[in-house]
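Annotated region 'Disordered' per Swiss-Prot: 22-78, 128-154, 176-223, in sequence order. Residues annotated as compositional bias 'Low complexity' in Swiss-Prot: 22-54, 196-212. Per Swiss-Prot, the feature compositional bias 'Polar residues' maps to 62-78, 130-150, 180-195. Residues or ranges marked as domain 'Protein kinase' by Swiss-Prot: 315-634. Annotation source Swiss-Prot lists ATP binding site at ILE321, GLY322, LYS323, GLY324, ALA325, PHE326, GLY327, GLU328, VAL329, LYS344. Under the heading active site, proton acceptor, Swiss-Prot lists ASP438, citing sequence analysis as support. The annotation domain 'AGC-kinase C-terminal' is assigned in Swiss-Prot to 635-714.
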Amino acid sequence: MNYDYLTDEQKQQLYFHQMQAEQQQHQQQLHYKQQQHIQQQQQHQQNQQNQQQQPQPPRQPFSTFLQNNGSNSDLPQMGTFQQDLQRQNIPNLRFSQQNQPSDLGQEFQDDDSFMDEDLTEIHEQPPMQELNSSPMTHPHSFQQNFQTPTKNDDANLRNQQFQSVDSERSLDFKPPVTFTKLNNNSNADLSSPTESSFLKSNLNLPNSNIPPAGASNDPNAQKSNYIYFNRQPNSLNKIAQDKASSIKLKLENYYQMSVAHAIERNQRRLDLEHKLLNEESGSSEERKNRQLQNLGKKESQFLRLRRTKLSLEDFNTVKVIGKGAFGEVRLVQKRDTGKIYAMKTLLKSEMYKKDQLAHVKAERDVLAGSDSPWVVSLYYSFQDAQYLYLIMEFLPGGDLMTMLIRWQIFTEDITRFYMAECVLAIEAIHKLGFIHRDIKPDNILIDIRGHIKLSDFGLSTGFHKTHDSNYYKKLLEKENPHHTNPQNGNLQAPSMATNNRNSMMVDAIHLTMSNRQQMQTWRKSRRLMAYSTVGTPDYIAPEIFVHQGYGQECDWWSLGAIMFECLIGWPPFCSETPHETYRKILNWQETLQIPDDIHLSPESEDLIRKLLTNAENRLGRYNGADELKSHPFFRGVDWDTIRKVDAPFIPKLRSITDTRFFPTDELENVPDSPALSKAMEQRDQVLQNGGNVKEDLPFIGYTYSRFDYLTRKNAL
């Protein structure tokens with residue numbers, strides 16, 4: 001019977017009925033076995049009573065037996081006969097003599113012919129000599145001999161005296177100290193210095209803190225028979241500690257990934273079954289079964305392809321389309337398939353120095369956990385000794401900053417379109433449980449159809465332990481203590497500048513709100529800031545600067561700042577220096593002003609002011625994106641089909657590698673980072689020497705492969 005199309009309630013009822021039937025069947029079998037056992041016991045007792053009632057014939061001495069059989073042997077020859085029996089390897093002869101029932105032993109205590117009777121039985125049935133005969137040839141004889149040991153045997157065991165099979169002499173056997181049982185029933189005095197040192201040397205327990213004899217003040221206190229010791233991994237060398245930490249993290253990551261993959265696999269199966277149940281009744285059973293079989297083939301294919309290891313040698317670099325302080329973004333083409341990707345490379349050493357370990361892990365988790373059309377798709381991630389690599393989809397339309405530089409100001413209709421799509425994109429990030437914290441025009445990319453997608457989640461957080469910098473500081477305390485102490489100069493202390501990735505200053509621009517030409521110069525300088533770690537604090541919420549508690553509402557502040565720039569032409573808190581920008585953002589009540597020569601609709605101005613306000617009163621704090629969707633500024637927006645409509649700007653490409661919407665010409669004026677050049681030289685040396693790629697502790701588990709992309713035809 002096919003149970004795939006039953007409801008969960010029907011499956012549960014069917015499962016309960018089956019369990020009840022199995023329990024009833026088990027009880028019947030148990031009752032039958034009990035009745036059979038009782039009958040066997042009654043039959044056995046009846047047989048014993050019948051044997052006791054039958055009269056036993058009188059026993060004859062062995063000498064009479066020999067005379068009746070016409071034998072001339074006499075009793076002194078029995079010593080030789082006994083030696084012959086021993087040479088015939090009769091097993092457990094002496095033990096069988098001791099293993100007689102106690103009542104028979106009492107009957108023949110005063111009868112000298114008891115030994116003769118035993119030998120009579122042996123003489124009547126002499127043993128047959130067999131090749132390779134041994135006591136283990138017939139194990140059932142051992143079972144019969146050892147099933148009912150006598151009291152004498154117990155006494156012998158307590159005295160630790162064992163009889164030899166091949167000789168008549170006994171051996172006094174005492175177990176050595178290493179056989180002493182370390183449990184509650186042990187009589188070993190572990191407080192003894194001799195036994196303590198012996199156990200420590202044999203059990204390899206360094207620095208055991210066994211309490212010495214007489215250490216307790218209470219004379220009536222019972223001595224402990226346990227070994228107490230402290231783990232001291234610091235006594236091991238540095239290499240051993242690093243290997244232990246690496247193995248521990250790899251094991252944790254292995255089981256975490258195994259459980260996560262199993263949950264995802266089961267969820268994909270449930271989603272497909274739910275989809276098939278909701279289809280029209282016209283779908284045939286054969287078609288549904290075929291789809292389930294196809295899913296099984298995809299799962300099997302994914303397990304194989306996921307083990308395929310990628311490296312930098314699998315891609316050809318077409319052009320560098322972005323640079324930053326921690327790496328660069330390249331347009332690459334896969335050698336075997338010819339497909340185009342955007343490869344983001346991050347330098348590991350800079351991740352250490354700039355305290356970006358938590359940020360890069362959060363970015364990878366966001367991209368890997370999202371299948372939303374509003375987020376850039378991550379296909380693969382891998383690493384080598386110097387770099388982390390993110391293989392993402394290539395969006396040829398550039399970013400929103402390029403559009404602002406080209407068009408300067410958007411109309412309200414165009415602004416409404418892009419802001420509505422940004423609302424849906426931010427909502428998708430929040431549903432994943434993440435906060436972006438760095439939404440700006442540079443991170444809003446344009447796809448081939450003109451719609452937006454969010455990227456660059458380097459400052460995002462999901463409030464997981466691996467997204468917290470303190471987690472990596474504790475992890476690296478023993479590996480590189482000088483990397484984790486902000487006071488020694490090797491790692492910059494967290495500050496506004498480092499948190500916003502500021503490292504290269506540009507010329508200050510004396511800004512006047514009426515000078516559009518100078519504003520355009522600021523935009524070009526702003527692009528240079530985007531390539532470096534100078535960053536732009538213009539879009540960051542004030543609660544992030546003051547290290548107060550904040551939530552998802554900080555992303556809505558950034559959206560308000562972007563909307564201000566689209567309608568007016570510059571950010572709301574634009575200043576000559578970043579520090580002046582910080583000051584204006586913190587004092588937003590006084591510095592937020594809309595120029596008099598800019599005419600905005602009441603709806604747009606109201607939305608800007610409700611987004612650029614304190615966190616308690618900010619729009620979207622309590623009900624998220626629904627509060628923004630219901631604002632009058634977005635009246636008429638079809639939120640369900642907005643991605644299907646034509647965008648205001650659709651990039652027209654000349655080829656699949658066309659990058660004219662990226663300011664690649666400006667990248668020639670951006671100097672390469674010395675750290676990047678040094679890392680590339682080190683990587684080339686490692687490859688020439690044939691060195692193995694080594695995973696660092698913070699980057700264990702960084703590798704990723706996407707299911708829906710990897711299971712496509714010719715994905716790899």
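Each residue, glycine too, has its Cβ placed from N, Cα and C.
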Could you give the Cα-Cα distance between ASP438 (active site, proton acceptor) and GLY327 (ATP binding site), in whole Å?
18
Give the three-state DSSP assignment (helix, strand or coil) for LYS323 (ATP binding site).
strand
I'd like the per-state residue tally for the compositional bias 'Low complexity' (22-54) from DSSP, helix first, then strand, then coil.
32 helix, 0 strand, 1 coil
Give the three-state DSSP assignment (helix, strand or coil) for VAL329 (ATP binding site).
strand
Other C-beta atoms that fall within 10 angstroms of the C-beta of GLY327 (ATP binding site):
25
Return the count of C-beta atoms lying within 10 angstroms of the C-beta of VAL329 (ATP binding site), excluding that atom itself.
20
